[in-house]
Amino acid sequence: MGGKGMMMVAILCLWALSATSEAVTEAEPGLMMNFYKDTCPQAEDIVREQVKLLYKRHKNTAFSWLRNIFHDCAVESCDASLLLDSTRRELGEKEHDRSFGLRNFRYIEEIKEALERECPGVVSCSDILVLSAREGIEAVGGPYIPLKTGRRDGLKSRTDMLESYLPDHNESISVVLDKFKSIGIDTPGLVALLGSHSVGRTHCVKLVHRLYPEVDPSLNPDHVPHMLHKCPDSIPDPKAVQYVRNDRGTPMVLDNNYYRNILDNKGLLLVDHQLAHDKRTRPIVKKMAKDQAYFFKEFTRAIQILSENNPLTGSKGEIRKQCNLANKNH
């Protein structure tokens, strides 16, 4: 065979290898409904049972599940990087200032242990985080949200990216809108996600700037005495249990009462106040205040988008043996 013929054969072989490689890559499974139906059929039932048991014992776990999905999935990838402990070289995401108030991580480990007993090395911590959020949302009266599974776990924390991705409660609504838009969540989705402030509580550290040295005039004056009673110090101890319930009317229920509150200037955080009064978000707030079904519809859609943000699937990442440690550190 001549030189040109040999070259043509070589090119065809390279093309065939490349095509085969691409086919293998395309064949790798991504996120799907009931991903574990063959490898661990009881996976989602186990998560559901564990979350219900923990909620019965510790009501505030439901709020933790909800915060976890936001703090993990909004930061570049839904990969359980939030759960990793700090190392000598790297501060873990959960130790960062933006993660202030996050807790109950030990209960994720309890769910992981239950799954490991049933199906060792099969279910990822990132899927546990997402599924526990779904069950936590339903436990506090929110909608049941169909969510895909099949995520794999990241290998390191993304602490250096938190400031870029996670909005701060003191940032302008424009910045908050832009940060959510960057991961595919539109304005109605943002307004719905902030409806999570319907449940749980806000530590005094996060809101005393609206009370001291002068009370923010935009606050409802009827609500101020309660806030001052709960937060009597202008410089509260961050380790002390000093907080205000986000919604005094239905504090343990995820509902649209939050929107009525912020329209009445009873929002605790600056972002709550801006949400109710910015021209881009106010019409949506008013609609959600009147129509809980609309709130739940947009909330469901936003959680689905959030949970599918740039996941690791197929051969990427790993299935951690323990959720707070990458396998190399196990």
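Each residue, glycine too, has its Cβ placed from N, Cα and C.
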Of the listed cysteines C119, C125, C204, which one does TrEMBL record as disulfide-linked to C40?
-> C119
Disulfide-bonded cysteine for C231 as listed in TrEMBL, from C204, C323 | C204
Among C13, C323, which cysteine is annotated in TrEMBL as forming a disulphide with C125?
-> C323
Under 8 Å by Cβ from C119 (disulfide bond), counting only residues of that chain that are 6 or more apart = Y36, T39, C40, Q42, A43
Chain-internal residues near E93 (Ca(2+) 1 binding site), provided their CB is under 8 angstroms and they sit 6+ positions away = H71, D72, V75, S81, L82, L84, S99, S157, R158, T159, L162
Among the recorded positions listed as D79, H197, C204, C231, D247, within 10 angstroms of C73 (disulfide bond) by C-alpha we get D79
What number of additional C-beta atoms lies within 10 angstroms of the C-beta atom of C231 (disulfide bond)?
-> 23
When you measure from the Cβ of D255 (Ca(2+) 2 binding site), which residues in the chain that are at least 6 apart have a Cβ under 8 Å away?
-> G141, S198, Q292, F295
Based on Cβ atoms within 10 Å, give me the single least packed residue among the binding-site residues S81, T250.
-> T250
For R67 (site 'Transition state stabilizer'), identify the closest of the binding-site residues D79, P167, H197, D247, T250, judging by Cα separation.
-> H197
